[in-house]
Amino acid sequence: MSKKDYYDLLEVGRNASIDEIKKAYKKLALKYHPDRNPGNQEAEEKFKEVTAAYEVLSDSEKRAGYDRYGHEGASGGFQGFSSAGDFSDIFNDFFGGGFGGGASRSRAKRSTTGVSGADLRYDLEITLEDAFKGIQAPIHYVTNVKCDTCQGTGGEGAIKPVQCHTCQGSGRIRTQQGFFTIERTCTTCYGEGEIIQNKCKKCGGSGRRRDEVNISVSIPKGIEEGAKVRISGKGEAGTKGGKSGDLYVYVKIIFHKIFARNKADLHCKVPIRMTLAVLGGEIDIQSIDGAKIKVKVPEGTQTGTKLRCREKGMPYMNSHARGDLYVQVIVETLNPKNLTKKQIELLKALEEEENASVQQQSEGFFSKVKKK
């Protein structure tokens, strides 16, 4: 470290009081502290210099020696990185324990509690018929599973890791600069607090490996689009004995050519003959469960009319009840190209009858108007 004048470093005069020295140091320490200037070597060097200056000038004996003999007279000067001294108390007075806290805090052993694995998502496509009856759906996916060789310990022969000797299991290294405590990640165990001496060859010490998982998922009847099914413990494997995450299966129902769904109700469109719409009758349709049902068509049914079939829709979740089926009739117009000569003659006769009826109604209407 360069031998710069301590008073110049703290930007105070030689007759400065201890309070002035403390105030000056506080300002400069905050300005150049490594936590506020990560990766800035120049700021870190400056911080060391002002800390060394304060360590001498804040002590009456060291200051007297420095004033008489210079740097050589400042016995017990700045020691670089050393154990925490009484300066931690001054640090707490200044900053309330900020910047990683003072050295007075005990070095706790890093928690060895396992880390839970991540939850996973799986998108499953099923048919409307599958949703109606419920199914057991086989699925497969690739994820991190617990290594079966080391049983998740990461060590060869399932030997558990040992405590890091450098950080004593805390995963952090604390060093003292003046009365500032600087805490960094342990470079021996990389913050883990423990070391695997002989890593498992199969998983490389991670305790997990990539593998394909094949399971069967129970999809309940009546399940709706976008619903999710949770399978506990089938997500990503945890580490250090942590539990596995969960698997969430999201259901997507494939478009159906006949039925449209609205919650538990089903809707479909059925073409009917013009004569059936006029005279009424019955039509046979096939429901979602494959059963044939008869639907009554009232006389004079117009195109677009919806006919309700009670409890012929989808089942409700966790219930024996079912929704309804709505049949929308589409009255087909007759195509002359597909009619026989006799059918055309009958239609013409019907047209003449209708025209005569309309004519009589019109004459009756206008005669009433004239009388008025």
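Placed from the backbone N, Cα and C atoms, the Cβ positions cover glycine too.
The domain 'J' annotation in Swiss-Prot covers 5-70, and the record cites sequence analysis as its basis.
Marked as zinc finger by Swiss-Prot: 134-212.
With helix defined as DSSP H, G or I and strand as E or B, the repeat 'CXXCXGXG motif' (147-154) counts 0 helix, 0 strand, 8 coil. Residues annotated as repeat 'CXXCXGXG motif' in Swiss-Prot: 147-154 (among others).
All protein chains considered, the CB of CYS150 (Zn(2+) 1 binding site) has 26 other CB atoms within 10 Å. Look at Swiss-Prot and you will find CYS147, CYS150, CYS200, CYS203 tagged as Zn(2+) 1 binding site, backed by sequence analysis.
Look at Swiss-Prot and you will find 164-171 (among others) tagged as repeat 'CXXCXGXG motif'.
Sequence-distant neighbours of CYS186 (Zn(2+) 2 binding site) (same chain, six or more apart, CB under 8 Å from its CB) are CYS164, THR166, CYS167, SER170, GLY171, ARG172, ILE173, GLY193, listed in sequence order. The Zn(2+) 2 binding site annotation in Swiss-Prot covers CYS164, CYS167, CYS186, CYS189.
Taken from Swiss-Prot, the feature repeat 'CXXCXGXG motif' covers 186-193 (among others). Each residue of the repeat 'CXXCXGXG motif' (186-193) gets a DSSP state, and the totals for helix, strand and coil are 0 helix, 0 strand, 8 coil.
The repeat 'CXXCXGXG motif' annotation in Swiss-Prot covers 200-207 (among others). Per-residue pLDDT, averaged across the repeat 'CXXCXGXG motif' (200-207), gives 91.
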For this session: Quick one: pull the CA-CA distance for CYS189 (Zn(2+) 2 binding site) versus CYS200 (Zn(2+) 1 binding site), whole Å only.
Result: 17
Exercise. What counts of helix, strand and coil residues does DSSP assign across the repeat 'CXXCXGXG motif' (200-207)?
Worked result: 0 helix, 0 strand, 8 coil
Exercise. Counting only residues 6+ away from its ends, which parts of the chain sit with a Cβ under 8 Å from the repeat 'CXXCXGXG motif' (200-207)?
Worked result: 146-147, 149-150, 152-156, 237, 239-240
Seminar exercise, completed: Surrounding the recorded Zn(2+) 1 site, with Cβ no more than 8 Å from the Cβ centroid of CYS147, CYS150, CYS200, CYS203 and those residues left out, we find ASP148, THR149, GLN151, GLY152, THR153, GLY154, GLY155, LYS199, LYS201, LYS202, GLY204, GLY205, SER206, GLY207, ARG208, ARG209
